[in-house]
Amino acid sequence: MSETHLSTQRFADLPLHPEVKQALAENGFEFCTPIQALSLPVLLQSKDIAGQAQTGTGKTMAFLVATFNHLLSTPVPEGRLINQPRAIIMAPTRELAIQIAKDAILLAKHTHLKVGIVYGGESYDVQRKVLDQGVDILIGTTGRIIDYVRQGIIGLNSIQAVVLDEADRMFDLGFIKDIRFLFRRMPEANQRLNMLFSATLSMKVQELAYDHMNEPVKVEIAPEEKTSKNIKEEIFYPSQEEKMRLLLTLIEEDWPEKAIVFSNTKHSCETLWSWLEGDGHRVGLLTGDVPQKKRIRILEQFTSGQLDILVATDVAARGLHISDVSHVYNYDLPDDCEDYVHRIGRTGRAGNKGMSISFACEEYALNLPAIESYINHSIPVSNYDSEALLADIPTPAKIHRKHPSGTRNLRDRSGTSRPGAQRSGARPPRHDRTRRHS
């Protein structure tokens with residue numbers, strides 16, 4: 001993490017439980033991010049907060065540290081049953097819940113606290129077996145949590161800490177009734193530590209906070225600009241016929257270390273995956289139709305570097321913290337202005353530089369004025385030479401084909417392979433793009 005992304009507040013100087021401090025130190029957490037530096041002193045006084053912070057600012061570790069510290073410093077409720085968690089963390093998506101759980105497990109290492117995760121799309125019985133053994137911190141999506149509550153598999157009578165992450169996204173997805181259902185089955189707000197985080201503290205989000213929290217302190221880490229200065233944006237105006245060739249040419253020339261390609265529809269994503277896979281790239285596909293186990297595996301492969309490119313719908317645009325994404329390609333301009341910000345926000349994180357390349361084709365160019373109005377600036381236009389686009393593109397792969405597990409096929413354009421080539425030794429660009437350096 002870049003030092004410029006951190007504050008001067010050390011975790012070691014905060015009044016944290018020794019086991020929490022030990023876990024933080026072992027995982028390289030020395031200085032707080034701004035949202036952590038502002039929120040933790042408030043939370044460590046057992047005061048509720050409504051925090052405004054974007055994904056990637058360190059808010060997850062902020063509420064996890066507060067949750068663990070609160071449970072370790074607070075007596076277990078008298079008469080608590082094994083099926084009653086002490087803390088509940090609600091997330092809008094499965095992917096975000098999984099990411100939160102991974103971070104929670106790091107903090108749990110030296111404690112007696114058990115972490116459990118539940119979400120739809122996974123085996124109901126497998127998750128139930130974990131719950132039957134008892135969990136202290138329950139992380140999950142609201143729908144699956146409600147299923148277990150209604151069946152009496154878990155009870156919320158002993159909840160001492162509550163986290164509502166990505167609250168604005170909860171509204172977007174229509175989960176607010178579920179959230180209120182769960183809040184009504186917990187102890188009163190003044191008997192628990194309540195934390196709400198949202199990219200925007202709109203009136204509806206603030207109303208939710210004041211309805212179900214105990215006079216929350218508002219903590220805001222809102223960027224002055226909607227898009228980071230660390231992200232270099234550019235936009236092309238390709239025809240629909242040249243869109244795919246332009247994308248393949250740009251990827252060929254940029255050879256990004258880790259890239260996400262966004263498209264507006266599942267069908268378009270599948271087509272993109274087929275062309276990229278056929279062109280020899282290590283690429284994963286993430287849409288709503290991909291089975292949950294496969295989605296998890298693809299995200300793990302992309303995070304670990306086994307895949308270089310992730311093709312995704314906006315299911316991956318919110319809530320996922322994937323470090324070191326160097327490039328974001330908007331193959332389609334999104335219909336929602338906020339989705340543009342969330343998409344390109346996958347890169348340029350934690351003080352790192354990033355590239356955002358967008359295509360304004362005939363179908364989606366009409367979305368551009370609203371996007372530029374929303375982000376308060378024009379996106380620089382880049383031109384290209386149609387005759388310089390790759391012409392010898394291999395046949396697209398079939399969608400049911402398995403992803404390769406080996407290294408990327410760094411063949412030359414004549415079709416001869418170079419199996420010994422390594423990722424770091426990729427061939428240089430075939431075509432000059434002087435606009436990059438202008």
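Backbone N, Cα and C atoms are what each Cβ position is placed from, and that goes for glycine too.
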Range among 9-37, 183-211, 299-327 that Swiss-Prot annotates as motif 'Q motif': 9-37
121-124, 133-136, 165-168, 293-296 - the one Swiss-Prot records as motif 'DEAD box': 165-168
For the motif 'Q motif' (9-37), sequence-distant contacts whose Cβ falls under 8 Å of one of its Cβ atoms, 6 or more beyond its ends: 1, 3, 44, 51, 53, 57-59, 61-62, 65, 68-69, 72-73, 106-111, 219, 221
Neighbour tally for T57 (ATP binding site), based on other Cβ positions within 10 Å of its Cβ: 24
